[in-house]
Structure formats: structure tokens, C-alpha cells
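Accompanying notes for the structure given below.
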Amino acid sequence: MTSIIEAALPYRSPEKAISYSSYSVESDSSPVDAVIFAGISLVLGTACRHLFNGTRVPYTVVLLVIGIVLGSLEYGTNHNLGKIGNGIRIWNDINPDLLLAVFLPALLFESSFSMDVHQIKRCMGQMVLLAGPGVLISTFCLGALIKLTFPYNWDWKTSLLLGGLLGATDPVAVVALLKELGASKKLTTIIDGESLMNDGVSVVVFQLFFKMVMGHNSDWGSIIKFLVQNSFGAVGIGLAFGIASVIWLKFVFNDMVVQITVTLSVSFVAYYTAQEWAGVSGILTVMILGMFFAAFARTAFKGDSHQSLHHFWEMVAYIANTLVFILSGVIIAEGVLSGQKISYKGNSWGFLFLLYFYVQLSRCIVVGVLYPLLCRFGYGLDWKESIILMWSGLRGAVSLSLALSVKQSSGNLYLSSETGTRFLFFTGGIVFLTLVVNGSTTQLLLHLLRMDTLTVTKKRILEYTKCEMMNTAFKAFENLGDDEELGSADWSTVIRHISSLKDLEGRQVNPHNGYEAGNLDPTNIMDIRIRFLNGVQSAYWEMLDDGRVTRSTANVLMQSVDEALDLASTNSLSDWRGLEPCVHFPNYYKFLQSKMIPRKLVTNIIVERLESACYISSAFLRAHRIARQQLHDFLGNSNIAATVINESEVEGEEAKQFLEDVRDSFPQVLSVLKTRQVTHYVLNHLNGYMKNLEKVGLLDGKEVSHLHDVVQSDLKKLLRNPPLLKLPNIDDLIATNPLLRARSSFRSDVA
């Protein structure tokens, strides 16, 4: 026999070719029927999303129930759904590897790409603990309990195979609910990130035990080599595709279609390369790829492209989730209603509920054992968050696909057909129970733990904002309430139709009045600092869209705000601290002026570094100025607002001083930067002007397209060949700078 790592890595058994159809479909069926089923699934999913929006019922639970109903009608009534039934059977008979390859890359890339990179970095230790040791603990706990209590005479390898199969979590319903209820971002990141890494690790563990069940040798050396190759190989391939894609995107200018297509295609190509060609984990590969994009490519998509990209991937994830969960329900219904008997003296349903209890117990053991370490890594973890973490271990499409692959690979010397059917039954039942029970009760659990309530500070801010909304509405009424065509409007009727503004007149109170300057509530100060820093980050995004900063500069600026947000509860504003290493004078300028060094190299080394520092400093000052004005407009002259504004002004002193030094010593640098910014702004302004002319009907589409191409060509030239700086000669520099002239004279006198 071959060793485990010499065997092929796909999930199907090497001893047996998989049949692509478990059931005979009537002769009048057509491949078009599969399209009919997909279309009906999307219509049903859209209707459910519309009907259940705003309710406590998770969307994915409803989809699963719809799938079970459709599967029960088809397989329980002997094919009475006609064309729809043909489509159901075609989709149900698709090879599970194909299902994974079609749906997983899109779902994994969307989840990992939409995550906050800074949050991932801080929570990485917790995510690795839960997805590494956590999966192993869960697998062995479930395997041992199944082996010792289930009456199927399964050996340890088969029991551990089911334990590993059930290790892949899919908390789509819980994460969506946590985001909707405004739960802490760190908890959402931990659960979502653990799920991503968990899927990859669980599939690797599943592959390991699957090969062992199929009779391959399993010495410790082969096992370790197998795990290392799958893990590190996936990381390497994901990084390679990420680097290549980011380099490609640098050469794409304002072409939204190309940018989106690159992200879509690279996710599928990376998955296929890893899973089928390199024989490593495709799930881990796509997860690493998505995180790499989130870290290094988020500023490559600006303005409309950035929004369009996220909307596109949200739509792809929505379509994939809809089809996956409806199809999962069909698979569950088919596993129960057709095929071989799954009962063991009529007690299989009882053992299903027992297995559900074991799944929850193993999750509690994992979180309990790792709790001391989870509290020490990243942002920490309190006991309330640990309870939600225990309850969020839902199972989903990955577990079902793996169970289906076991069923299709069964019916041989190593794995009986009855065992394969039981695997599908138990897995489908666990998916259903975790989604229905855990997913539907998470909101109640959050309420019991008081994790869905707003803090006193946030409540005061909301009340104050509502009063500001009343003032804004009244100003709008003054401007629109009377015109020469229609006459006047009735203010009382307007208010009656705007429920959010009822009972607010005369109750406006600044949420931060009543605090003395020396006796400020730390919680309130932290809240205002966070809001201020969010405003700074928003200003950075606007500057990136306007061409005031480059992509690399924007990444540095965003990261400094993320780091300052972590310290907002204990320190004053500190986003400049993360920028200081990037902002300083090169002290080797005079040495590089020697004739031995090419002047082009000097320009690249000195000037570009100095330009980057000037970009950072000017953007920092502008963003803080914008955020200070916004905070003052919102809260007025309250003591807390004045405290944060004062912290911001202190922060900007070093940036101002640096720009003054550059202005005294290298005025050409600031001139070139301003020239680039103005040129970029004028070209963007021309784009907006042309769109407005088209909007009001003064230009038609062909005329606008011609002018737009000309302006885009100028923008592309500006980015690829920006105005260059002529580096001053050292003698001219000394002659124009009094400080350097004095130093040179002093050294001459000493000599």
C-alpha cells in the first residue's frame, strides 16, 4: 500500500470511481432543468429575504427549511415535481468536489476580503488557537464519544473521520446577526476568522482520516509531512497569487470591469491550482488570498470602484449562500427519505440528538480549555463573549459537501454504503439543528447577557442626534415649505409623517454638557476619540479618491488610525505615533551629493522618501482639520469636544514643524507635490463637469465618452509620469539656507 501522502488528495476514494448520478433521472430531463431549479431557488431566496428582513429568524435557516421542503416533495412523492424535480435531482447528483469548487472560492474570498485587516492581526492568535488546537480537540472529543456510545461498531478511524467532518464551522447566520445588533467588532472578527481558518484545517484533518479509513499507511512521519505540506503549501500559493494580482492591478487604471474580474478569476484559479494541481488545501489558499487583498489591495480600488467591488462580492456571496443552503436542505431530505435504511432499531433519530449534544459539549470543552490563552491574546475575551463563542459553532455547506463525498465513496471493502448513508444523515441533521436551534436563539442569548444594549454614552449621542435631525428638518422645511408654484406646506403634517422626529421638540440637550473640564468621564472621552478617529480615516479615503495621497501613503495613514483606535480608551489621540518613523529628514543627503553617485539614484533615494513624508504630514494635518471641524459642528463647545480637539492640535505640531523645515530647505518638494495634487484635482473636476453636462442633457453619451477618454488618458499619464523634482546642488542649497550656510562657515573657520 502507498503512504498517505502518496495518495491522491481529492476527497473521493482512489479505489472506486465515483458515479456522477446516484439516481436515475427520467428520460425527459434536460440540463436546462438545472437552470430552472437555480432560478426558482434565487426567487424563493429573494422572497424570504424580503419577508423576513427585520425579524429574528436568520435568513439561512429559512433557506435550509425551503430546501428540505423541496427535497421532501421530490423524494417523498416519487418525482411529482416534474421539471423542477429534474433540476433538483441534477443538482443533488453533482459531484461534491465540483460543488466545493464552484461555491467555496466565492464565499471564502468574500468573507476574508471584507474583514478588517487590523482586527485580523490583533485577533490572529485567538483565531489560530481555535482553528488549530481547537479543531484537534473537537475532533478527538467527538470521535471518542462516537466510538464509545454509538452502536455501529465503527473503528477509531471511522469515528474520528466523522468527528473531523463535523469540525468545519459555518457561522453565517450568527455573524450576520452580530453585525446587525452592533456586537463588538472583535467578537465578530474572532468568530468569522475562526470559521475561515477552521474550514481549511478541518478539510485537511478530514482528508487525513479519510485516507486512513481507506486503508493507507499512517505512520507519524507521513502524517506530519502531510499536514505541513497542506498548510504551508496553501499559504505559499495564496501569497503568490495575491502578490501577482496586486502587481497586475497596479497597471489597471479606472477600469472597474477589469479590476472586479481579476478578483473573481484569481480566487477560482488559486483554488484549483492548490486543490487539484499542487494537492494542498484550496480553502486555506483562498483564505490567504482574500486576506492579502484586504491588506495590500484595498486602496487599489478608489471611489466608485471600491463600492462596486464590495457590492459585487456581496451579490456573489448572496447568490452562493442562497443556492448552497437550499441545496443543503435538499441533500438532507434526500438522505433521510431515499437510499438505504439508516435506522438502528428505530433509534437513529435519538442518536442524532445525542450527537448534537456531543457537538455542543465538544465546543464548550474547546473554548473552556483554551479560555486562559484566549484571554491573553489580541483584545482578550470576557466570559460573556466566550458563551457566544461556544454557541456560534454552527455547521454548514462544507460539512455537508464532505459528508456527500463520503457517501459517494462508500460501498467498498473499507467503507460500507450503510456507513456512508449514516454519515450523510448525521451531518445533515447536525447542520439543520445547529442552524435552527443555535442560529435562531443567538439573539435571545445576546439579550439575556445584555450584549445587545447600547451604552449610556451612545444613548445620549443618539438622543442628541435626533434633536439635530429635528433642526435639520426644520431648516429644510424653511427652504422648501413655500414656493411660488405650489404655495406653502403644513409643518404639523410633515412631522406627523416622520415618526423619527416625533416628541423631540424642545428637548435638545448636548450629550456632553454638565462635565467640568477637570472631571471628564473616561468612557465619554474614549467614545469621542473613536468618533474623531473614524472621521480622520474617512477624510483619508476622500483624499485618496481626490488624488491628494498615493495608495502606499493611504495604507500607512489608515494603519496609523487603526493602531490609535486600539489605544483610545487609555491614551490621548496617538495616530501620529504610527507615522513618526516615516516622517524625518534624510541625514545622509550631503553624502549622496558626491559625484561618485549617479544623480538619478540620489533623486530616487532622497526625494521620493521626502515626498512620501510630505504627503503623510500634509494629509495628516488636513484630515485632522476636517475632523475637528466636523466634531465642533456636531457637539459645539462642550468640554469633551474641546478636550479631543486640543489633543488633535497637539498631535499636529510635529507635522507642521516638519513641513516648515522642508519649506525652508527643500521648497521644490512641496511645489511638486502641490502641482501633482492640483493637476489631479483639476482632471477629476473635469470628469465631474462632463458627467453633469450629460446629466442635464447638454451632451450625449458618445460626446461624453470621447471627452472622458481624453481626460482619463491625462490622468493615467499623471500617475505613471508625474512631475519630477530637480534636485538642488549642494552649493546652491547652502547658499539659500541660512542654517546650513552658518554651519558651513563655522566648519571652515574651525579648519
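Cβ atoms are placed via backbone N, Cα and C, with glycine included.
TrEMBL: automatically predicted annotations, no manual curation.
Keep in mind that this is a model prediction, so the values were computed, not measured.
Features as listed in TrEMBL:
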type	residues	note
TRANSMEM	34-52	transmembrane segment
TRANSMEM	59-78	transmembrane segment
TRANSMEM	98-115	transmembrane segment
TRANSMEM	127-146	transmembrane segment
TRANSMEM	158-178	transmembrane segment
TRANSMEM	230-249	transmembrane segment
TRANSMEM	256-274	transmembrane segment
TRANSMEM	280-300	transmembrane segment
TRANSMEM	312-333	transmembrane segment
TRANSMEM	353-374	transmembrane segment
TRANSMEM	386-404	transmembrane segment
TRANSMEM	424-449	transmembrane segment
DOMAIN	548-666	domain 'Longin'
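The transmembrane segment (424-449) makes no contact with the transmembrane segment (127-146): fewer than 3 of their CB pairs lie within 8 A, with pairs spaced 6 or more apart in sequence. Contact check: the transmembrane segment (280-300) against the transmembrane segment (230-249) gives at least three Cβ pairs closer than 8 Å, residues 6 or more apart, which meets the contact criterion. The recorded stretches the transmembrane segment (312-333) and the transmembrane segment (230-249) do not share 3+ CB pairs below 8 A when only pairs 6 or more apart in sequence are counted, and are therefore not in contact. No contact links the transmembrane segment (127-146) to the transmembrane segment (59-78), because fewer than 3 Cβ pairs that are 6 or more residues apart lie under 8 A. Per-residue confidence over the domain 'Longin' (548-666) averages out at a pLDDT of 81. The listed stretches are 59-78, 98-115, 230-249, 256-274; of these, 98-115 has the most Cβ pairs under 8 Å to the transmembrane segment (386-404).
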